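Single-structure report; data block below.
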Ligand SMILES: Nc1ccn([C@@H]2O[C@H](COP(=O)(O)OP(=O)(O)OP(=O)(O)O)[C@@H](O)[C@H]2O)c(=O)n1
Ligand SMILES: C[C@](O)(CO)[C@H](O)COP(=O)(O)O
């Protein structure tokens, strides 16, 4: 345990997915935008932020791309411990970094597939959540009219639901190492469907804080997403 009272911040980037919905000939985090891999863009946002002590990237144990697609840096460690699901990859990463972080250190978990993250957004999250008991995440308030489709009936059964209070979760999601490890373990033991870190925190009846993110921090999921982010990143580079 650190004897210092000052908080420390670490990044953990799950990058062990296969990118099935992107249908590319390599995992989507290794596709290039503006001459760099999507993973490199995501990592750079943290390396450019002075408050981030170290960046850990979790890749598949069979990964054949990362050595070529990610530049070495003294503040960067690649962990070959990806799991079957995103939650497994995050859990394995938290276990692997345990010797180098303290229980109370803040861990910022960020999708490799969100290359539009900026140091300013990281600062916004740290500034607003760093004093919170639990932690929190970047997210976007829903701005469109929301339709709920009844999947168990005809496709025509649709209703409009109030959008007030609805947010779309982004990353980074920032929680203390021990709290996040414990909540992910409890959620797994209870077979909860965990799609982000905040779901595991909520399943333990803790309340994550929502911090307004930005559309540029969108997740690259399908081929069309590349076109939008390409023009945005071209302005930043
Ligand atoms: N077993 C997994 C699955 C996903 N991820 C990572 O989690 C992030 C968000 O996941 P998603 O966008 O769903 O990526 P994929 O699982 O690769 O995409 P798909 O579901 O289309 O296969 C990505 O950075 C992805 O690499 C991971 O580390 N380990
Ligand atoms: C964590 C996440 O980015 C929050 O929106 C998202 O849930 C990850 O994508 P997946 O498709 O659920 O794996």
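Cβ atoms here come from the backbone N, Cα and C positions, even for glycine.
Because the structure is a prediction, the values reported are computed rather than measured.
According to TrEMBL:
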- 21: site 'Transition state stabilizer' (SITE)
- 28: site 'Transition state stabilizer' (SITE)
- 163: site 'Positions MEP for the nucleophilic attack' (SITE)
- 219: site 'Positions MEP for the nucleophilic attack' (SITE)
Discussion item. Which recorded sites from the set 21, 28, 163, 219 have a C-beta atom lying less than 6 Å away from ligand 2?
Written reply: 219
Worksheet item: So which of the recorded sites is most packed in, judged by how many other Cβ atoms lie within 10 Å of its Cβ, out of 21, 28, 163, 219?
Response: 28
Worksheet item: Hey, of 21, 163, 219, which of those recorded sites are within 10 Å of residue 28 (site 'Transition state stabilizer'), Cα to Cα?
Response: 21
Item to complete: For residue 219 (site 'Positions MEP for the nucleophilic attack'), name the DSSP secondary structure in the helix/strand/coil scheme.
Response: coil
Worksheet item: Rounded to the nearest angstrom, how far is the Cα of residue 219 (site 'Positions MEP for the nucleophilic attack') from the Cα of residue 163 (site 'Positions MEP for the nucleophilic attack')?
Response: 21
Fill in: Collapsed DSSP category at residue 163 (site 'Positions MEP for the nucleophilic attack')
coil
